[in-house]
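S.K.: So TrEMBL has the following annotated:
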- 20-476: domain 'Major facilitator superfamily (MFS) profile' (DOMAIN)
- 20-43: transmembrane segment (TRANSMEM)
- 55-74: transmembrane segment (TRANSMEM)
- 86-105: transmembrane segment (TRANSMEM)
- 111-133: transmembrane segment (TRANSMEM)
- 145-166: transmembrane segment (TRANSMEM)
- 172-191: transmembrane segment (TRANSMEM)
- 203-223: transmembrane segment (TRANSMEM)
- 235-256: transmembrane segment (TRANSMEM)
- 310-327: transmembrane segment (TRANSMEM)
- 339-357: transmembrane segment (TRANSMEM)
- 363-389: transmembrane segment (TRANSMEM)
- 447-471: transmembrane segment (TRANSMEM)
């Protein structure tokens, strides 16, 4: 098949590249859905496998660690074997391991199959982002990246709803069985429609980088996961984070001296890239934290089921979709600064509203804040990702997307650990006040704990608003002056 890219003589249109985007979108959706559906299934899995939370939680932690481990390797595999082959192989492995999860009969089997599932699917998102970025001419990349953001907004919303429905009316094995037809469709469609690229390059594997990056990122992610459940003073937590920091520092020192590094850390020589990455991490931390808080608030304070709470956040997905499509077009026309600024203002305002919500407030007001947050999320997230990628030389895109994906994985885990830990301590503090005889109810104490935690997310979003003012106005600038590294 010919590559539906900027090299074609035909005029560019989103419709022309949609067949190539479809297997990419479905592959990303599979991986991201599986990161969310398990959260709802944990209580039923405990009961079915006759085990405790600490054991079955490893089915989530192991999957996350496996994703974190293989993401840094995505760039090298893409360069060596071509994007199409790696995406198809990853989708095939992920689908096969989903089938294995359905036949698990012990917690150990489920955990092992989930780890294999994460290893299979970890490369899909970064390679898909790089491939999609190359499919469009520079002045249309915002629109394409807006479409690529669909799995990112659908998965957190659809995951709990789908999982809740399957658990209530079907069987827990269906949360994995449903991956099989979607995965097979993505694989078969991708064989025909994913663009053929040049033969893989004979690139040298950075052995030290390939060892240090997966271990350091996995250690950091495990450390923050452990911190949220076992406490930050726990010896395992402290050792894991310490080892992760030491290995990450060693990895950075090794990589900046390599001619062909595993991750292109020299991208940070570009001020625009560095500003974009910092802003991306702030935005991602605020969003990941609020994505945890909203379903918990709806279930624990307002008393909705997991299925009902999933339905109530659908307006967020709808507004986020509108924001992504609008943000992509505005990015192509006006650049990142005004679009990201407005998006983060909306996000900060919505989080500010949620930080003042009360358990007795009308549900419509709560849904309004959630929907407004979705609009801000859509306007800011993909324009930021596009800005970061456009700040790097095009021949290094395959090495930059694993870098951004790794950062999102680590900061997303950090946000969940930080917010859940902060939420727990806040609720305990407010409940202690009620127990001591001070005015207030138990529901009010829990609400106050949630409000204080939403305030943290709002502060992060406000920091993002301020930093967004320093983004370059126009996207029409050259990045080559910022980089001295050779093409790999």
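Glycine too: its Cβ is placed from the backbone N, Cα and C atoms.
Source: prediction; values computed, not measured.
Are these features on the surface or tucked inside, and what are their neighbours?
M.R.: Listed by sequence, the residues of this chain that lie at least six past the ends of the transmembrane segment (20-43) yet keep a Cβ under 8 A from its Cβ atoms are 4, 53, 56-57, 59-60, 63-64, 67, 87, 90-91, 94-95, 98, 114, 117, 121-122, 124-125, 128, 131-132, 135, 144, 147-148, 150-152, 154-156, 158-160, 162-164, 167, 172, 175, 179, 182-183, 185-187, 189-190, 193-195, 306.
Remote same-chain partners of the transmembrane segment (111-133), defined as residues 6 or more beyond its termini with a Cβ less than 8 Å from a stretch Cβ, comprise 21, 24, 27-28, 30-32, 34, 38, 58-60, 62-71, 73-75, 77-78, 83, 86-87, 90-94, 96-98, 100-101, 104, 141, 144-145, 147-148, 194-195, 385-386, 389, 397-398, 400-402, 404-405.
Packing against the transmembrane segment (172-191) from elsewhere in the chain are residues 19, 22-24, 26-27, 29-30, 33-34, 37-38, 41, 44-45, 48, 84, 87-88, 91-92, 94-95, 98-99, 101-102, 162-163, 166: each is 6 or more residues past its ends and has a CB under 8 Å from a CB in it.
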S.K.: Do we see three or more Cβ pairs under 8 Å linking the transmembrane segment (203-223) and the transmembrane segment (363-389), pairs being at least 6 apart in sequence?
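M.R.: No, the stretches stay apart by this measure.
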S.K.: Have the transmembrane segment (447-471) and the transmembrane segment (55-74) got at least three CB pairs under 8 Å, pairs 6 or more apart in sequence?
M.R.: no
